[in-house]
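See below for the structure under consideration.
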């Protein structure tokens, strides 16, 4: 009996060792130097830092407004989640543009790349203007619907109003970044987000607290700063269009709006846009539950989402790398490269997101950075 038990334990140990050896071998095979890994990291690393800078914008907004008290934190929490839901939809929509541009790049079809860019520009101007004006118009109604606290309702309405006015800047930024990402020039998006990040911090300091001759605007100042920072981030792209000679894609094409290319963009962009929208609506529902509990709970929820974004936003970077490799490889007639590029990118995303999750072990200390007067 004992011999059989020992034999079974030995076999289980053997299976465990073989499984661990297989996992170690797979892990090494995925991280060892290779042309595919170099391609993924070259595309993804700039986007990782770009996404982190986007996270810094969200976190610094919360930290700098945190000095004004819990009502201010709660107001940018509910207003910020509502606006980020729209931005997530636009980011998802821009992924379709990236896929098409990457595929045409793989096909070496320069004229089609330019036509997609022109159609996307018209789309941004029209749809972005509608979103900016329409969103600003309904911002007060939306915040009255989601908030019960009178102070939070007033502050969040004001915050969301000015954030919506800047939506067209961010839509143009996301679309232009998707265009350059599809061409494999991910450093353009990084430069844009760095400019956005530092501009946002500077304008926050100037407008929230009233420096350099400006009156203190509080939550309103944070919203204006974020919207203007999105516009500032656009100034990075003309440099890349000139230095990378991207004008060649537009030099011999018609600048007339193309319904065929519009339908192509719509077909590729609708699914990822709706996926991002539904994902962030779930965050809004969670935030709405926090408003029922109270203002302090809403403020804490905003701090938690800001901190959690350190983990999940960098994962999008490898999604962008996978999208570019997938599109370019399929366009060049290399389906095997597309397959391995997508799965290898997912592996790196899991590693990076898991590593960033270690930050959450210091959650209590991070929370102290956000607020000074939470009991106000």
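One-based numbering along the chain as shown.
Just so you know, glycine gets a Cβ as well, placed from its N, Cα and C.
Since we're looking at a predicted model, the values are computed, not measured.
Going by TrEMBL, these are the annotated features:
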- 39-60: transmembrane segment (TRANSMEM)
- 72-100: transmembrane segment (TRANSMEM)
- 120-139: transmembrane segment (TRANSMEM)
- 160-179: transmembrane segment (TRANSMEM)
- 185-209: transmembrane segment (TRANSMEM)
- 221-242: transmembrane segment (TRANSMEM)
- 281-305: transmembrane segment (TRANSMEM)
- 312-330: transmembrane segment (TRANSMEM)
- 342-363: transmembrane segment (TRANSMEM)
Considering the transmembrane segment (160-179), which listed stretch of 185-209, 221-242, 312-330 counts the most C-beta pairs under 8 Å: 221-242
Tertiary contacts of the transmembrane segment (312-330), as residues 6+ beyond its ends and Cβ separation under 8 Å: 39-40, 43-45, 47-48, 50-52, 54-55, 91, 95, 98-103, 105-106, 181-182, 184, 186, 337-338, 341-342, 345-346, 348-349, 352-353, 356
